[in-house]
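**Q** Supplied in structure tokens, the structure appears directly below.
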Amino acid sequence: MTTDYKSPLRVGIGGPVGSGKTALLEKLCKAMRDDYHIAVVTNDIYTKEDQRILTEAQALEPERIVGVETGGCPHTAIREDASMNLAAVENLARKFGNLDVVFVESGGDNLSATFSPELADLTIYVIDVASGEKIPRKGGPGITKSDLLVINKIDLAPMVGADLGIMASDTNRMRGQKPWAFSNLRNDVEGLEKIIGFVVEEGMLVSHSEKAVSG
């Protein structure tokens, strides 16, 4: 089936409530928007709060940020019945025609949440240090099967008594060779470069400047 628009890379960003998914998405958009054509789909159960936050933060032009009200379990909207999100991604792809990547942020969910492969080409799962040192070893598909695991809010480790060394060891044990990154996205951009590098490399993205040189 042929289309008159480019099929973008779709990157799913999941994780529990308050882990820093929206903060990560804002940083990614602001860091990548000059080099790539980007759009975003956010998910909330009863509101479009994350869409509003990203719009007010001027992460992208407002028309590039679409909010989906799932009206139910966040997991269902990204896995069992992803139709609303699939439609939102397709509408954005049709509207802009040349999108390189669409980020799909799930509503806050538990460690068992995963994206349908029909919806996401790559998945990033975000947990945070404030939830406790033991989180990585609890496992669950988000921690063990996501393409990239992000352990956010490392600046809070001393305040909550979390040992980052133990968290790193547990993460390596749970994920094997799968990549992961520590991050501090509130007051710093620690870890952001590694996350962007993962998206660009694994998603085989080509920047505007690279296209200009090769073209």
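Heads up, the Cβ atoms here are built off N, Cα and C, so glycines get one too.
Pasting the relevant annotations from Swiss-Prot:
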type	residues	note
BINDING	Gly15, Pro16, Val17, Gly18, Ser19, Gly20, Lys21, Thr22	GTP binding site
**Q** Around the recorded GTP site, report the further residues of that chain (criterion: Cβ within 8 Å of the mean position of the Cβ atoms of Gly15, Pro16, Val17, Gly18, Ser19, Gly20, Lys21, Thr22; site residues excluded), sequence-ordered.
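**A** Not counting the recorded site residues, we get Gly108, Val126, Asp128, Asn152.
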**Q** For a quick check of packing: other C-beta atoms within 10 Å of the C-beta of Ser19 (GTP binding site), how many?
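**A** Cβ-Cβ neighbours of Ser19 (GTP binding site) within 10 Å number 25.
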**Q** Given the binding-site residues Pro16, Gly18, Gly20, and counting only Cβ atoms in the protein chains shown, which has the most within 10 Å of its Cβ?
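**A** Output for this query is Gly20.
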**Q** Is it possible to get the count of other C-beta atoms within 10 angstroms of the C-beta of Gly15 (GTP binding site)?
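**A** Taking all protein chains shown, Gly15 (GTP binding site) has 28 Cβ neighbours within 10 Å.
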**Q** What is the Cβ neighbour count of Thr22 (GTP binding site) at a 10 Å cut-off, with all protein chains included?
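**A** If we count other Cβ atoms within 10 Å of Thr22 (GTP binding site), we arrive at 23.
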**Q** Tell me the Cβ neighbour count for Val17 (GTP binding site), meaning other Cβ atoms within 10 Å of its Cβ, over all protein chains shown.
**A** 10
